[in-house]
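Structure record follows, encoded as structure tokens.
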Amino acid sequence: MSSESSSRASILFPLPLPEAFDYLVPEGLELGLGDHVLAPLGKRMVHGVVWGLKPGPGERALKSVEAPMGGAPLPAGTRQFVDWLARYLVQPPGVILRSVLRSAEALKPSPTETLYQVSGTEAPRMTAARAAVLDAALALGEASAADIAREAGVGAGVVKGLATAGALTTISRPIDPPYGIPDPEAEGLSLTMLQAEAGGVLRRLVRAGGFQAALLDGVTGSGKTEVYFEAIAEVLRRHPDGQILIMLPEIALTAAVLSRFEARFGCAPAIWHSAAGPKVRRRCWREVAEGRARIVVGARSALFLPFTNLKLIIVDEEHDPTYKQDEGLPYQGRDLAVLRAKIEGAMIVLASATPSLESLTNAQAGRYVHVRLPARPGSAVLPQVDTIDLREHPPEAGRWISPPLIAAMVETLQAGEQVLLYLNRRGYAPLVLCRACGHRMTSPDTQSYLVEHRYTGRLVCHVTGFSMPRPKFCPECQAEDSLTSVGPGVERVAEEAKHLFPDAKIEIYSSDSASGADLVDRMERGEIDILVGTQIAAKGHNFPNLTLVGVIDADLGLAGGDPRAGERTFQTLVQVAGRAGRAERPGRALLQTHQPEHEAIQALIAGDRDAFLETEMMAREALGLPPFGRMAAISFQARDVQAVEAAAGRYAAAAPLTDGVEIWGPAEPPRALVRGWHRRRILVRADKAIDISAYLRAWKSRVKIPPSIRVTIDVDPYSFM
Ligand SMILES: Nc1ncnc2c1ncn2[C@@H]1O[C@H](COP(=O)(O)OP(=O)(O)OP(=O)(O)O)[C@@H](O)[C@H]1O
Ligand SMILES: [Zn+2]
């Protein structure tokens, strides 16, 4: 076994193991860092990546690497990102690697298909079937045997026979073709002065090279997309092999957005998101790893793609809460994007009309270049925002649209314009209770109210997905027909709108909608009069004829005591109001509220974002909350409530004592029971100067928790509650 030339490789597996393991490299096998290999782990052969190479056979008897797996090696930047994240997120490195290796198929070359084409050579023994095939092949150009045979109305054997006879030639083509080459000089919109200026700043940053960060802070509808296209074009010009990642919130990956990319750069980008099928995934992953894909448009998980030469990352709608992943591996995609840009020496642009306090603080401190776009292009102006005080103008009993909002809707519809009614609640009613005994319908094993969905006639748990038919008898007191729906969801508001405007075309847009893309198209074309939507309808869309936005409940989200509630509500309301009046016709937004004096709502009416953020910042600073301090959450889950309490208690007791760190809890989180799993949570607040990841690692190493208890560490919890 041990010869002069033998060496060792440490192999990292995409598994929750504490570290990479050493293997012997068999003689004759040349391995490089980042190579994909098969190696024995227990009784199995497992796909791993060469993480280190060492000379000599070493002291211990080691197993051997079995075989190389092919595919482009994992680039150095990606490996560094994995190591960095493992430390930062307090996770075993293999857990991060698992987020990188998302397509084993991508390591193999693309499968090929055979296409047929008329060769021009005469076919011997012409028959009617053969003539039909030649006609079909001429009409189709390059096509598969099956397609030609179908067109000709014969069996595929006739096609193959003609190929053997030389009358058809065959071409072998990859099923996953490379992506088109984007053209930076393709015709775009002509930019306004403000846009050109902002674009110029971004182009200069691209030319400066290396890690650069910019906050593109522009009001809704100001054309931020066009401006960051300028940065993309500059990278395409300067770096013939440079790669660009554009991150969007998952639901913003619509046909409308993609066609704007195509229009500007002359070809479709590579696409990456969690719902993409294996074929889309393997193509994108392979092309990125081989350095051929130039532009990737993706959701947060695109961060983990193996870029070989990443030059620019755009995080569009950077404030969006969907960049935060809570399940599985918790991380904040926006922050990791900045980290990745640093490691790759790339530029990053964070774009938003309502930047997060984190990014604004970085811009104010000069860490990010602050690029502003204060106005919409051309004649488009920002919407006029007003409140409707529900205490003065209450809707009729059992209704949710107030008289002033109804009046505004009448005007808008009479002018032939569109209305968006916004309520961030899916279904018909958020709560169903028994009039006889007061029983509230909840999800089994989960402390969560069931939401009534009237279209499907079911009560649905939005936490676990559990659903049941609406019962006729109260499950508690058995009273008949005693269940009543409390409060509105979008279905109920749509029902009311239908009652008020029986002739209007009304649609509901929420994550329950079967075809959101179709709704967006029809809304854009003006085929819908009133769209009743949740936050999915509030993001990024351009509906030129939409001039009235009615917010059914502007107070939703302000209650509850989460210090982020004000910021989040403000962001959502700016975004939803920002859908109005994006083209020639001016728009307005009406907010129904019980507390028109609330700071977030006042700031919105005054259009004074900065004053609002100023007070928010002061509150955060006083409490030492992010961005002025660091937070982490440690969550415990178990089937047994006593076990989870004991484990959380022991964990808390083992906390290292340090100045500048405060430990809160263990306590019950907002959802303390889900699918029969009991949850407890410890919150950690640390001063900015403290390396909270290192602190959490040290803490974790002090406690042994039994495997029946799931422990999750989140170094960037979105909610502080
Ligand atoms: N220079 C321009 N000339 C003509 N139309 C423009 C120009 N710039 C932007 N637009 C149009 O204005 C609309 C808004 O642009 P875009 O979607 O880029 O705005 P945004 O800043 O991303 O807005 P939001 O933050 O609300 O999503 C789009 O329909 C876009 O095509
Ligand atoms: Zn009852």
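For all residues, glycine too, the Cβ spot is worked out from N, Cα and C.
Remember, TrEMBL labels are computer predictions, not curated facts.
What TrEMBL records for this protein:
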type	residues	note
BINDING	C434, C437, C474, C477	Zn(2+) 1 binding site
BINDING	C461	Zn(2+) 2 binding site
DOMAIN	205-373	domain 'Helicase ATP-binding'
DOMAIN	415-623	domain 'Helicase C-terminal'
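In this structure, the C-alpha atom of C477 (Zn(2+) 1 binding site) lies 22 angstrom from that of C461 (Zn(2+) 2 binding site).
Note: the Zn(2+) 1 site is recorded as C434, C437, C474, C477; in the same chain, R435, A436, G438, H439, P475, E476, Q478, A479, S482 also have Cβ atoms within 8 Å of that site's Cβ centroid. For the domain 'Helicase C-terminal' (415-623), the model's average pLDDT works out to 87.
Sparsest Cβ environment among the binding-site residues C434, C474, C477 (other Cβ atoms counted within 10 Å): C477. Here the binding-site residues are C437, C461, and the one ringed by the most other CB atoms within 10 angstroms is C461. Under the DSSP three-state reduction, C434 (Zn(2+) 1 binding site) is assigned to strand. Here the C-alpha separation of C461 (Zn(2+) 2 binding site) and C434 (Zn(2+) 1 binding site) works out to 18 Å.
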